[in-house]
Amino acid sequence: MRIILLGAPGAGKGTQAQFIMAKFGIPQISTGDMLRAAIKAGTELGKQAKSVIDAGQLVSDDIILGLVKERIAQDDCAKGFLLDGFPRTIPQADGLKEVGVVVDYVIEFDVADSVIVERMAGRRAHLASGRTYHNVYNPPKVEGKDDVTGEDLVIREDDKEETVLARLGVYHNQTAPLIAYYGKEAEAGNTQYLKFDGTKAVAEVSAELEKALA
């Protein structure tokens with residue numbers, strides 16, 4: 001079961017990824033984790049990646065694809081894997097195909113931007129402890145104050161509305177072509193494209209996922 005996950009930041013992708021991994025016993029493959037592991041292990045691709053990063057440049061698709069190919073050849077990927085954060089572009093999607101990676105399912109979690117902004121912008125944090133709250137879904141006992149210490153809660157930079165909107169803009173620009181690409185792949189019978197309503201309750205989305213992947 002080889003899966004690609006698509007979904008905007010705040011669409012609940014991470015939560016459902018954990019569910020799929022636990023339910024079907026497949027690992028999540030994150031390009032960031034792979035890069036760090038290859039650099040630490042000092043592999044040939046790791047050395048190439050390190051020299052590029054040290055020079056302040058972006059790691060090329062060729063290196064990333066090489067790492068993906070190495071990673072999915074490992075024993076824990078025998079039953080499948082979950083690709084998160086890759087591919088991000090059409091050349092990367094083409095590259096996956098060229099190195100012979102067959103994708104069984106492309107799963108999109110669809111949530112309107114306005115809902116994501118509400119989800120993210122309502123978050124409040126107590127930085128010292130890491131405790132987080134939400135004005136609507138998980139409010140503190142006293143507005144703006146941490147339940148335990150009574151100290152002020154803050155809005156993290158990442159959760160500010162303008163930051164969230166900027167990240168969503170980047171996501172849509174990058175992902176709209178991929179959604180069209182995998183839609184065509186599904187029409188051609190090369191993969192299955194599944195779309196879920198990410199505004200539903202977590203347990204409901206998980207149940208729908210389990211049914212679709214069974």
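The backbone N, Cα and C atoms fix where each Cβ goes, and this holds for glycine too.
Values in this document were obtained by computation on a predicted structure and should not be read as measured data.
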Which range is region 'NMP' per Swiss-Prot? Of 30-59, 60-89, it is 30-59
Given that Swiss-Prot assigns GLY10, ALA11, GLY12, LYS13, GLY14, THR15, ARG123, THR132, TYR133 to the ATP site, pick the one from LYS200, LYS211 that the record assigns to that site as well. LYS200
Hey, of the binding-site residues listed (GLY10, GLY12, GLY14), which one tops the CB count within 10 A? GLY10
Rounded Cα separation (Å) that holds between THR31 (AMP binding site) and ARG123 (ATP binding site): 27
Distant-in-sequence neighbours of the region 'NMP' (30-59), which means Cβ under 8 A and at least six residues beyond its ends: 66-68, 70-71, 84-86
Euclidean distance between Cα atoms of GLY12 (ATP binding site) and ARG156 (AMP binding site), Å: 19
Helix-strand-coil residue split for the region 'LID' (122-159), DSSP-based: 3 helix, 12 strand, 23 coil
So if I draw a 10 Å sphere around the Cβ of GLN57 (AMP binding site), how many other Cβ atoms end up inside it? 9
